[in-house]
Amino acid sequence: MFYIIDILGTIAFAISGVLIAMNKRMDAFGVLIIAFVTAVGGGTLRDILIGQTPVSWMTNMTFTYVILITTLLTILFRSKINYLRTSLFLFDTIGIGLYTVVGIEKGLLAGLDPIICIALGTISACFGGVIRDILCNEIPVIFRKEIYATACILGGLTYFLVRKLPIDSNFVFIIAGVVVILTRLIAVKFKISLPGLYKE
Amino acid sequence: MFYIIDILGTIAFAISGVLIAMNKRMDAFGVLIIAFVTAVGGGTLRDILIGQTPVSWMTNMTFTYVILITTLLTILFRSKINYLRTSLFLFDTIGIGLYTVVGIEKGLLAGLDPIICIALGTISACFGGVIRDILCNEIPVIFRKEIYATACILGGLTYFLVRKLPIDSNFVFIIAGVVVILTRLIAVKFKISLPGLYKE
Amino acid sequence: MFYIIDILGTIAFAISGVLIAMNKRMDAFGVLIIAFVTAVGGGTLRDILIGQTPVSWMTNMTFTYVILITTLLTILFRSKINYLRTSLFLFDTIGIGLYTVVGIEKGLLAGLDPIICIALGTISACFGGVIRDILCNEIPVIFRKEIYATACILGGLTYFLVRKLPIDSNFVFIIAGVVVILTRLIAVKFKISLPGLYKE
């Protein structure tokens, strides 16, 4: 079950990379790299920071195959991808919910402080997109406009609050993921964003 | 004593991140990330390169708390931060002096060559700012204008020269750090910079 | 023999870094860093991803000396570097051929899947240039125009095809490297490039 969600998240991230790279008029190789980096970048940084190497996409081939096939299909059917916009948004949102909680649990396994675990979960969920934007020479979008990382942080706080209750750890996982997903859905639905902090 | 200097350096780096991120009109989350990356980025790259993981800010919470509080206070009092410009410059300069020598000593512990240790010290001191500038979509400022990394390199050379003398290792630490600090203070005071190398 | 090629590749990468950094009007320190990063960046990322730390340029001083001397000479003789353009292109092409195969063999030693080994070889050969372009605030050139990474991937596929034949492993190394080099030479000679994938 979680595995399926993980793959749906990878697909959504890879497609977002393909679309942005094609907008930047990159060639086929550039598009593939941006798709790959968007999908695995967050988890790679997470693994490097805690010293879990070789990093996870190097030892589990599923993700590589999923990204290769997704990139190919997205390029072939690029004129029709607009019809999927809502599905993609949902996959992406479910993906960050899952990645956040996976990151937190990897941090706990490494014996890290809860605050650091939340940071690690947020990095897992968000930094693929950050690296994508850097490679495309843009200021990363999550620093400017959206309730995105904030949703991950709220989900992370929920994880550690709920964890103190006498409930099964699978439920803790699910509840925290759902908080990430709902926060983002509500923020996008009602156009809520963080205040800018313009220098006066 | 060193610990206090370390924290002052972290504060100065975090504030410089906040100010630049606000200039780029980032939201609150973006500002926090840029502050964090500026403060811990150099040490993180150092730890990853020598394989000391989980990286140091993940296992010592002090820096996380200092950065969170510094960011909050800088945002709240942003209209008054100009009065602190001289203090900030001093903190930052003391910070790079300290980070340089800490980086060198971590390299020595890892059994590396003195030249590599100097590179590692310079990376510790400077790459937080480099990552900050990349995330803000600027050519890193230290590549263009200032005696900054050069001060770190001079301090590093001093470290290995002084180390051969029959003096206490704490003094070696202090002398090298002071060379970094004085080089930068003198360069800024007298507007000394490295020559550009324009292609003819 | 391989060692000499490795050093020629390092020289070519370092010179390409110096030239681009001077075009961006960086100071002497910036030029040195860009030269260094271009030459060792790909191998550094490779070593970090598979967890081989301290990364290789930190434990073998030859590369550091070669890069320092190359940078100095390139700056001094910058007005004459145009005469070397063809030699540089050859060194660079031989360099990526070699780096690709070295990366693949490091991946095999780490017990990774052939596809991941090919990715690792391509990263070793190409990401120095990617990091150089990011630091210079450009969209990385390999994502846009050239048969470059594609040559590495073809060489990598060749490596694993030829490896099944009953021939000496040194020949496998050489054949794969030569495929990378010939692919790039032919692509540049006949101006072959990957198709762009403009969004319609």
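Backbone N, Cα and C define each Cβ position, glycine as well.
Feature annotation from TrEMBL assigns domain 'Glycine transporter' to B:4-78 (among others).
Taken from TrEMBL, the feature domain 'Glycine transporter' covers B:90-163 (among others). Summarising model confidence by region, the domain 'Glycine transporter' (B:90-163) averages a pLDDT of 86.
Taking Cβ pairs closer than 8 Å, the transmembrane segment (B:6-22) reaches residues 30-31, 33-40, 62-63, 66-67, 70-71, 74-75, 78, 81, 84, 88, 91-92, 94-96, 98-99, 102, 128-129, 132-133, 136 in its own chain, all 6 or more past its ends. What TrEMBL lists as transmembrane segment is B:6-22 (among others).
Summarising the annotation, TrEMBL assigns transmembrane segment to B:29-49 (among others).
The transmembrane segment annotation in TrEMBL covers B:55-76 (among others).
Residues or ranges marked as transmembrane segment by TrEMBL: B:83-102 (among others).
When Cβ-Cβ distances below 8 Å are used as the criterion, the transmembrane segment (B:108-135) is approached by residues 13, 16-17, 20, 33-34, 37-43, 45-46, 49-52, 95-97, 99-102, 141-143, 148-149, 152-153, 155-157, 159-160, 180 of the same chain, each at least six residues removed from its ends. What TrEMBL records for B:108-135 (among others) is transmembrane segment.
What TrEMBL lists as transmembrane segment is B:147-165 (among others). Residues of the same chain lying 6 or more positions beyond the ends of the transmembrane segment (B:147-165) and with a Cβ under 8 Å from any Cβ of it are 96-97, 100-101, 104, 114, 117-118, 121-122, 125-126, 129, 171-173, 175-177, 179-181, 183-184, 187-188, 192-194.
Outside the transmembrane segment (B:171-190), and at least 6 residues removed from its termini, the chain residues within Cβ reach (under 8 Å) are 89, 93-94, 96-98, 100-101, 104-105, 125, 146-148, 150-152, 154-156, 158-159, 162-163. The transmembrane segment feature in TrEMBL is assigned to B:171-190 (among others).
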